[in-house]
């Protein structure tokens, strides 16, 4: 009874609450009705006000929800598309039914999950399964054989269009051919094209439908460091510990105070700690300022990317590729917040794992049906093996297993072939890449600009501008990449802070220039030139120049010269204006160093040679012997050949100061010193001349570089028929000559009067008598040729008839002795002979019928010939 009483009380209370709600709704309705009546009474508009309001309303444009922005801006002619775009085959219709059934089961089992992205509409508004939209294609360009180059091409070639609804996948998914034609698309279009190219190149690639961060979905790289600015880590070589020799000299005892050293080290460490703390605070402040604002849709933004699994193409580890930016990420990267499903050209998988920790804990074993639910049977991914207990349980009922196997075989369904046409990229499209030939990407404190080749007159294809601040207002440095330059310029690096310019060249420059570093193109300024040593005859590798010095480095010379350093003095001022070439800088000192010549003893092999030109001295230092500490040295006092009175100066021992490592082995006589002195004088002249030639070469290179920068001529391959003007003009001229020759041949073939006109003298005008004679000769000649042709056919006919009669007579005479093989040969011959006779008879009869008609037709043409019409019209 108590339970019944409680139920009655509950029902009464529910009825009271319902009545109260009904009364409240009635009051609200009355209140709204009264306010509407009041507002209606107070807002009566005049005719002018109504017209103004109508005009304002007509001016308002309401944006329509259409996520197929590619088609809306670049309409596609549906009539020119293949039938596979506009209709579905029976197999595709069956696949759509299977997909719908799969989606219903998934929604029933997982009601909290979003609907599956299975069969969006294509550009013809026909539903197509996502796996059939993939068209594996191997491009004919070797550059597109690797994943990084494929991703970079897709990122450069297409323009990103954001999803209309960032929380839902698009309702349309276009074919890659349409996307390539329009050169724009959303992230799903990007990933579909990239996945098709990667699968065609042999990668185990999949399109992913998931969730990404705000920067990833909007292709925002302003918080990412540009890959071109990341410097390669220098490998620090570890110094090998030298084992001290047993009898080596011990270092002197260190008498400094260890306490003072420790105090100094503590002080230095405190300064370092303060500096590190200050830098850490500055970095934290910058990171806090650059930190992105919290995204209210974090974890809900839909994004599509490409998954590449390890295994194929020697991929060691699975990774993600963002097709919008062509950057690769680890599968544990924080930019990727979750995965709903993924697919390739063979199957479709649903992620059954929890993504509470983004994608960090996901296991990409597509053969595990617990983690990845597949849609179609017969996938190429291996399934998990059964345990022994499961196998024993299955062995108990063999019939059920067989029936189950039959059912599975019946339920298996192969993926239909792709409905997309063959993906083709023309050489022009592959070369142009970027839409309209240009693309700009904004990175963190950097801006990257790309151009297609030959778009800029100077060959510029890429420019990277690095800035000091986050707002990109103060330029730090500029890097410019060039292609197809005649001067082989490849890269320009400009440092705006120091004003240093560095030009990099490919092999092939007229002066074998490799790197040119300078601050000014004026001569006798700070600059460094590096050369390709294998191209230079003199083995010059590097040349450093300052206003007062010039240093050259050599390799591989026959005289073993490795280094030359020239010191210049102040230039002597001349009254007349003179150029740098006519008034060179005076040389004060020349230092030359040589590599070891193994064919000479160390005491005779010069290691360093100094020409002190102003002091008139020459210093020599020889190579050091093995296991020796010091080396032999000599110094020559270079004097004039004659003194002030004109007397010849004789070589004296005081003019050569020498230090011998082993003076007892051999002593150099005065004659040897005199000959060495004369040889060094000649070598000094040669060194000064070579240094002067180096100065002239620098001036020549600077002049050449100025001309090259002003002209910036581009090279064009002989195989580029569109841009190569010389080749194009030559080809057009040849085609024109061939066409004219063909016309002449045709005219000669059709000119029936040509053989008769050739008999007349050249340039002579026709008379009436000659015209009539030409006409009669042409007709008589044609009549004779018709008669000759009839006689030829008649002669062949009579010959074939006589041979057949002879063969028949031979057969009648030898009929008794013939074998069956001979009879077969005879019958075959008779059949062929009768066929030839019949054909000749038909040709002869036809010729007799057509000969008069041909004669009359030629006669009519001659009467109408412009060369004879004025003379023979009287006789018509």
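Cβ coordinates come from backbone N, Cα and C, glycine included.
Positions annotated as coiled coil by Swiss-Prot: 1-33 (among others).
If you look up Swiss-Prot, you'll see 258-295 (among others) marked as coiled coil. Sequence-distant neighbours of the coiled coil (258-295) (same chain, 6+ residues past either end, Cβ-Cβ under 8 Å): 213-215, 223, 301, 444, 470.
If one looks beyond the coiled coil (679-710) by at least 6 residues along the same chain, the residues whose Cβ comes under 8 Å of a Cβ in the stretch are 486-487, 489, 503, 510-511, 513, 516, 521, 523, 527, 529, 543, 545, 550, 552, 564, 566, 580-581, 584-585, 587, 590, 592, 609, 611, 613, 618, 620, 636, 638. Feature annotation from Swiss-Prot assigns coiled coil to 679-710 (among others).
The coiled coil annotation in Swiss-Prot covers 784-809 (among others) and rests on sequence analysis. Beyond the ends of the coiled coil (784-809), by six or more residues, the same chain brings 826, 829-830, 833-834, 836-837, 840-841, 843-844, 847-848, 851, 854-855 to within a C-beta distance below 8 angstroms of the stretch.
Residues or ranges marked as compositional bias 'Basic and acidic residues' in Swiss-Prot: 17-40.
Taken from Swiss-Prot, the feature compositional bias 'Acidic residues' covers 387-407.
Annotation comment: Swiss-Prot describes 1-40 (among others) as region 'Disordered'.
What Swiss-Prot lists as region 'Disordered' is 385-412 (among others).
Confidence in the coiled coil (784-809), given as mean pLDDT, stands at 92.
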